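Chemist: Swiss-Prot lists these features:
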type     : residues       : note
BINDING  : Cys560, Cys569 : [4Fe-4S] cluster binding site
BINDING  : His655         : chlorophyll a B1 binding site
BINDING  : Met663, Tyr671 : chlorophyll a B3 binding site
BINDING  : Trp672         : phylloquinone binding site
TRANSMEM : 46-69          : transmembrane segment
TRANSMEM : 135-158        : transmembrane segment
TRANSMEM : 175-199        : transmembrane segment
TRANSMEM : 274-292        : transmembrane segment
TRANSMEM : 331-354        : transmembrane segment
TRANSMEM : 370-396        : transmembrane segment
TRANSMEM : 418-440        : transmembrane segment
TRANSMEM : 518-536        : transmembrane segment
TRANSMEM : 576-597        : transmembrane segment
TRANSMEM : 644-666        : transmembrane segment
TRANSMEM : 708-728        : transmembrane segment
Amino acid sequence: MELRFPRFSQGLAQDPTTRRIWFGIATAHDFESHDDITEERLYQNIFASHFGQLAIIFLWTSGNLFHVAWQGNFESWIQDPLHVRPIAHAIWDPHFGQPAVEAFTRGGAAGPVNIAYSGVYQWWYTIGLRTNEDLYTGALFLLFLSTLSLIGGWLHLQPKWKPSLSWFKNAESRLNHHLSGLFGVSSLAWTGHLVHVAIPGSSRGEYVRWNNFLDVLPYPQGLGPLLTGQWNLYAQNPDSSNHLFGTTQGAGTAILTLLGGFHPQTQSLWLTDIAHHHLAIAFIFLIAGHMYRTNFGIGHSIKDLLEAHTPPGGRLGRGHKGLYDTINNSIHFQLGLALASLGVITSLVAQHMYSLPAYAFIAQDFTTQAALYTHHQYIAGFIMTGAFAHGAIFFIRDYNPEQNEDNVLARMLDHKEAIISHLSWASLFLGFHTLGPYVHNDVMLAFGTPEKQILIEPIFAQWIQSAHGKTTYGFDILLSSTNGPTFNAGRNIWLPGWLNAVNENSNSLFLTIGPGDFLVHHAIALGLHTTTLILVKGALDARGSKLMPDKKDFGYSFPCDGPGRGGTCDISAWDAFYLAVFWMLNTIGWVTFYWHWKHITLWQGNVSQFNESSTYLMGWLRDYLWLNSSQLINGYNPFGMNSLSVWAWMFLFGHLVWATGFMFLISWRGYWQELIETLAWAHERTPLANLIRWRDKPVALSVVQARLVGLAHFSVGYIFTYAAFLIASTSGKFG
């Protein structure tokens, strides 16, 4: 018999319907479910695929460098980073007429181009790249790494080079190598680059390349202070406040500082502070990489650590006993932990990229700031929901009740009703108490009595900001109390520039907050708690619930258990994930709306618009969404087109994709099955058309698959729509 797709499942390969294709694609990466899979082969396949992932990442970043070097304007941008628009790549479109060619020819280019809103120009500039040749060199190097990764992936699939199962299960060695190798050594290497190339080359005008790399001294006395123990010398004579970035004017000689705050000209963190930070990180992680015991006999055994964690008084059962083997033998548990950590870090990156910008001049590129914040928050949302999805799969496929008797994991399952009901209460409370004031304020505005709004000052948040040095609110506490010991000690010991930065209104550090912020923070809290409720309930009920005690026998994603148990529809762990993604998107919508509107008013110098309009719903709809979409809808108008046309088209297209999602989410399997059978009947009776036959009988998607397709369209359309709105409304105002 001929081999048909999918080769990894003979059962599916023999399916006579089109289900074979869709289920084949859906389970292609679920290695655990494949025929003839063993635990060892499973680990080896995943390990080899990591090399493929790295190859794709290196190829993609290489492409960024290559296209900017080939079609961008990097060399002219660095002459005037604040006024020249950075070009991502050229556009070639045979449909372009003359008006379009003119509209998209900008940034000093000869033809139509796309503008870069990713911040790569600022990054490359800050770390010391100066010419197109530098960019080409970087692109080639990354291409080389990509090739190397592919070879590595192929090599580790060869019998001789396949790592054994015991190698994959050696958690202590892996942690040591990842901590000291991945984080420690790479942070040290980055410190080296900043000190040897970026600080002398990028910041102080001494262009460092391969040919003079060994000649340019990063510090006049070289390693002297390090070897004689006078480390404080490396912090003396920093760049002055009138330093012109990229020149020797006002430049110092310090390489590792604790200045705090921002470089007055570039509005970004001091490079010498960044180098110091990475050196500290490297030091910590190099030590941490020697923390776990391997065959050298030093350090801790993770298993011993966990077993020793017996809670005092015995009130929490057997503590962490059994956790080591549970985690070490479950890829889904490990992936869940990794995704949870990565998701949180990605969201932190979004927060810190705008509040503490690290790259020269990026803070004044408003569209890039908005795009990077939004991008990282959406990525964080998807990654965090994924963490709970794999947590649920762990409970279904990998959890062993005997191994985890009365430990923290078992006790989480034992009192899940209390956890879920408390989360439900918190979500309900936040929902009613946030929507209530918004609706009340809306009605008051509509009736012409704005003075009757419920406006609550966020005094606790303002108090926290004051403790960090913000003097606006007059709290006179800790770092905002100029007579207090904290303030005086802080001025002398650390970060003298920090307090200036906190109290300047030209950056995004500790933005002044009021009643509008108070309300939207609670709206976001509602979204976060509801998303968490759905995800936590999905994971904790994944093995079974009072309604369906045998749920784990049905697997991760099932539609229902037939008409006999009617209440079993929509309660699989997959359905919880599916519902949570809608809430996640909803929440990040509020987060990005808030961030964008507050910053637009800040950048335009009319913060009162946000303060006055953000306290009621019509304010958000009219003064944020409607007002800022006007440029967008003007991409095409009776006078022709302009450079926002592409975003206007994307805005419409995004809505179309989003709306298509509902076709899959609302009309289900029976409707489509009837339609398909009618179409197949018509096809077979139509001359010429009936010459074409298909081997598989066409059938509708399953309920779960249709939901996935609907969710994918909803998510992609939602993000496309907002991306177009965000970029067009920001670049339309600020260029």
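Glycine too: its Cβ is placed from the backbone N, Cα and C atoms.
Tell me what's around each of these sites.
Modeler: Cys569 ([4Fe-4S] cluster binding site) falls within neither a helix nor a strand when secondary structure is assigned with DSSP, and so counts as coil.
Around the Cβ of His655 (chlorophyll a B1 binding site), a 10 Å sphere holds 15 further Cβ atoms from the protein chains shown.
Classification of Tyr671 (chlorophyll a B3 binding site) by DSSP places it within a helix.
The Cβ neighbour count for Trp672 (phylloquinone binding site), using a 10 Å radius and every protein chain shown, is 16.
Counting residues 6+ beyond its ends, the transmembrane segment (135-158) has Cβ neighbours under 8 Å at 44, 47-52, 54-56, 58-59, 61-63, 65-66, 68-69, 74, 124, 129 in the same chain.
Among residues of the same chain six or more beyond the transmembrane segment (274-292), those with a C-beta under 8 A of the stretch's C-beta atoms are 171-173, 175-181, 183-185, 187-188, 190-191, 194-195, 198-199, 235, 255-258, 298-302, 358.
Counting only same-chain residues 6+ beyond the ends of the transmembrane segment (418-440), those with a CB under 8 A from a CB of the stretch are 412, 453-454, 456, 519, 522-523, 525-526, 529-530, 532-533, 536-537, 540-541, 615-617.
Within the chain carrying the transmembrane segment (518-536), a Cβ under 8 angstroms from the stretch's Cβ atoms is held by residues 385, 388, 419-420, 423-424, 426-427, 430-431, 433-434, 437-438, 456-458, 461, 576-577, 579-580, 583-584, 586-587, 590-591, 594, 614-615, all 6 or more beyond its ends.
Within its own chain, the transmembrane segment (644-666) is flanked in space by residues 100, 103-104, 629, 631-636, 701, 706-707, 709-725, 727-728, 731-732, which lie at least six positions past its ends and keep a Cβ under 8 Å from the stretch.
Residues 26, 117, 367, 370-371, 374, 378, 578, 581-582, 585, 589, 592, 596, 625, 628-629, 631-632, 635, 644, 647-648, 650-651, 653-665, 701 of the same chain lie 6+ residues outside the transmembrane segment (708-728) yet bring a C-beta within less than 8 angstroms of a C-beta in it.
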Chemist: Under 8 Å between C-beta atoms and at least six apart in sequence, can you list the same-chain neighbours of Met663 (chlorophyll a B3 binding site), or say none if there are none?
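Modeler: Sequence-distant Cβ neighbours: Gly710.
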Chemist: Cβ under 8 Å, sequence separation of at least 6 from the ends of the transmembrane segment (175-199): give me the contacting residues as numbers and ranges.
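Modeler: For the transmembrane segment (175-199), the sequence-distant neighbours (Cβ-Cβ under 8 Å, at least 6 residues beyond its ends) are 126-128, 208, 213, 216, 218-219, 255-256, 271-272, 274-275, 278-279, 281-282, 284-286, 288-292, 294, 299, 302.
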Chemist: Who sits close to Cys560 ([4Fe-4S] cluster binding site): which same-chain residues at least 6 apart have their Cβ under 8 Å from its Cβ?
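Modeler: Those within reach of Cys560 ([4Fe-4S] cluster binding site), by Cβ under 8 Å and sequence separation of 6 or more, are Gly566, Thr568, Cys569, Asp570, Val703.
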Chemist: Calculate the distance in Å between the alpha carbons (Cα) of Trp672 (phylloquinone binding site) and His655 (chlorophyll a B1 binding site), and round it to a whole number.
Modeler: 23
Chemist: Output, ordered by sequence, the same-chain residues six or more apart from Tyr671 (chlorophyll a B3 binding site) with a CB under 8 Å from its CB, or 'none'.
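Modeler: When sequence neighbours closer than 6 are ignored, Tyr671 (chlorophyll a B3 binding site) has nothing within Cβ distance under 8 Å.
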Chemist: When a 10 Å sphere is centred on the Cβ of Cys569 ([4Fe-4S] cluster binding site), how many other Cβ atoms does it contain?
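Modeler: For Cys569 ([4Fe-4S] cluster binding site), the count of other Cβ atoms within 10 Å is 15.
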